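Report on one structure; see the data block that follows.
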């Protein structure tokens with residue numbers, strides 16, 4: 001799981017920013033959504049002591065796992081003071097995340113009743129939670145600790161009543177007689193804590209010791225006079241040792257303090273880190289693709305990656321085909337960086353050896369460029385919407401309709417690609433300028449075609465000659481010496497120009513037969529694919 005580096009804009013009202021912390025599992029992204037009314041209504045009723053208590057237990061557990069010994073009283077007291085003095089914004093952010101988890105675990109039909117009963121607008125009624133796989137009360141982690149979980153009813157009592165319960169105190173909880181489903185009810189007003197005789201007995205002496213400490217040291221209490229140690233033995237009062245660092249009066253005082261006095265959190269937008277799971281679908285997070293070309297190719301790649309990273313969604317432009325004659329997306333194809341990966345490693349740039357296309361051909365460039373990056377499907381009547389088992393590449397959604405700058409690095413063609421091997425063997429310099437050429441089998445039959453963006457769609461190459469046909473070298477004009485093109489095939493004033501005015505545009509391609517060893521000896525001047 002990765003955290004988003006950017007923060008989405010939100011709304012502010014009543015002088016406080018209302019946000020909830022959201023995480024979408026399918027899209028694997030974090031974002032911030034407007035504060036949910038469930039969290040906004042319950043946040044003022046959460047006790048601030050809950051933040052201190054949960055974090056104190058986590059610190060003690062972490063210290064014990066690291067040092068293999070318990071935290072000393074001085075260290076524990078320092079941690080307690082640090083947590084009590086934490087900023088209200090931090091406490092409210094934590095409470096918002098925890099309330100979001102609780103909302104998820106409460107059945108939808110009981111969420112409104114839960115809010116109304118906690119806020120005092122309705123008499124207490126049962127609020128059922130979603131059971132676990134065994135039909136029992138669910139357990140959640142309150143501080144993103146996978147190894148430390150708390151029962152939902154324990155969390156409710158700590159949050160809304162401020163009772164310092166341990167995670168193992170689930171057996172001490174007692175449901176009210178009015179509760180109709182004690183096994184799954186998480187209504188705080190239906191949950192009580194059982195007090196045993198030992199608790200009552202200890203409460204008296206601990207409270208007496210605490211009250212005696214609050215008095216003036218110069219005036220010792222009567223209990224201190226009676227319980228003076230004799231002959232070095234401990235007094236009766238000293239046999240009760242408190243394991244915590246809270247005194248009785250301090251514990252009662254901090255457990256009654258609300259975490260938020262207002263109707264919403266008051267933390268700033270820049271402090272937000274993450275969110276809970278709410279209400280935004282992955283489709284709502286998608287960025288709409290621009291209709292015109294952008295100046296930054298990085299933004300285009302980022303938007304394409306966002307489209308590819310959301311599984312289980314339909315492509316953006318499914319069923320919205322464009323005719324080759326529509327020139328709304330003709331601009332922008334030449335702005336793609338030449339170093340970007342493409343399925344057949346063919347690079348297209350403005351520095352190509354081809355002449356500039358005529359205005360009549362410009363309308364089909366955007367369509368032809370996008371069609372070039374689609375996977376080639378073999379077969380006489382193959383459909384572009386074939387099953388993934390036919391294509392031999394990952395099943396992530398592929399945008400198949402025309403666009404100005406799509407490049408899918410995840411698509412891989414079959415390693416035994418006849419055209420690729422042929423271009424690398426015969427025409428290494430023209431591998432970047434391959435026109436509309438069919439995939440050739442050993443018997444010369446064509447199985448698929450790669451569209452050339454520099455030619456309109458109606459111009460198709462002639463069928464390949466029979467297997468015994470040999471390539472015919474083209475005549476060269478005697479007036480100009482042959483020179484090789486520079487800058488990746490860029491046209492120069494001294495480059496040779498071949499013209500065949502008597503032939504039609506469809507016959508201006510060199511037709512080649514099956515692979516033959518004699519192809520290696522083809523002269524240099526026959527390596528130009530476009531002859532017009």
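Just so it is clear, glycine is given a Cβ too, placed from its N, Cα and C backbone atoms.
According to Swiss-Prot, of the residues 216, 310, 356, 310 is the one noted as phosphoserine. When 180, 303, 528 are looked up in Swiss-Prot, the one carrying the note phosphoserine is 303; the rest have no such note there, which does not rule it out for them.
Swiss-Prot marks one residue of 172, 286, 412 with the annotation asymmetric dimethylarginine, and that residue is 412.
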